[in-house]
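Undergrad: Handing you this structure, nothing more for now.
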Amino acid sequence: MAGGKAGKDSGKTKTKAVSRSQRAGLQFPVGRIHRHLKSRTTSHGRVGATAAVYSAAILEYLTAEVLELAGNASKDLKVKRITPRHLQLAIRGDEELDSLIKATIAGGGVIPHIHKSLIGKKGQQKTV
């Protein structure tokens with residue numbers, strides 16, 4: 001066998017590596033999420049392969065939802081940059097996100113709200 005190339009890879013074309021995020025069509029890193037899931041589990045690192053893909057898809061969807069609502073809030077206020085205030089308005093303005101995200105957002109301010117009993121009717125005026 002002098003001079004010839006022999007081995008497992010002889011004659012095969014090498015394919016480019018495709019990440020699990022690309023296979024799943026996601027932007028969030030499936031491999032990194034899988035690593036974090038394995039490091040935080042109690043069953044000695046046993047996490048299914050699809051668990052990381054599913055978790056990454058959920059995180060990506062929730063992030064896109066919050067960013068879309070925050071972008072709408074910033075457009076309503078005629079600014080081009082999303083601030084913590086816009087995130088706060090977006091999350092507290094949506095009933096489902098409000099029940100899901102209970103965290104306090106630093107720099108988010110408060111949500112304006114006036115109770116209905118405090119609002120006077122149009123025909124009434126206060127007498128002194």
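Even glycines carry a Cβ here, placed using N, Cα and C.
Annotation comment: Swiss-Prot describes 1-12 as compositional bias 'Basic and acidic residues'. If you look up Swiss-Prot, you'll see K122 marked as ubiquitin cross-link, on the strength of a curator's inference. Per Swiss-Prot, N6-methyllysine is recorded for K5, K8, and the stated evidence type is similarity to another entry. Feature annotation from Swiss-Prot assigns N6-acetyllysine to K5, K8, K12. Taken from Swiss-Prot, the feature N6-lactoyllysine covers K12, K14, K116. What Swiss-Prot lists as region 'Disordered' is 1-25. Feature annotation from Swiss-Prot assigns region 'M6 cassette' to 89-100.
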Undergrad: Have a look around K14 (N6-lactoyllysine) and count the other CB atoms within 10 A of its CB, chains all included.
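TA: Taking every protein chain into account, the count is 6.
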Undergrad: When DSSP states are grouped into helix, strand and coil, how many residues of the region 'M6 cassette' (89-100) land in each?
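TA: The breakdown for the region 'M6 cassette' (89-100) reads 11 helix, 0 strand, 1 coil.
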Undergrad: By the DSSP assignment reduced to helix, strand and coil, which category contains K12 (N6-acetyllysine)?
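TA: In three-state terms, K12 (N6-acetyllysine) counts as coil.
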Undergrad: Measuring Cα to Cα, how many angstrom lie between K14 (N6-lactoyllysine) and K116 (N6-lactoyllysine)?
TA: 69
Undergrad: Mind telling me which of the modified residues K12, K116 has the densest Cβ neighbourhood, counting other Cβ atoms within 10 Å?
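TA: Counting Cβ neighbours within 10 Å, the top one is K12.
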Undergrad: What mean pLDDT score does the region 'M6 cassette' (89-100) have in the model?
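TA: Computed over the region 'M6 cassette' (89-100), the mean pLDDT is 92 on the 0 to 100 scale.
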Undergrad: Taking 10 A as the limit, how many CB atoms besides its own sit near the CB of the residue listed as 'ubiquitin cross-link'?
TA: 6
Undergrad: If I take the alpha carbons of K122 (ubiquitin cross-link) and K116 (N6-lactoyllysine), what is the distance between them in whole Å?
TA: 13
Undergrad: Which state, by DSSP, holds the residue listed as 'ubiquitin cross-link': helix, strand or coil?
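TA: The residue listed as 'ubiquitin cross-link' sits in coil per DSSP, no helix or strand.
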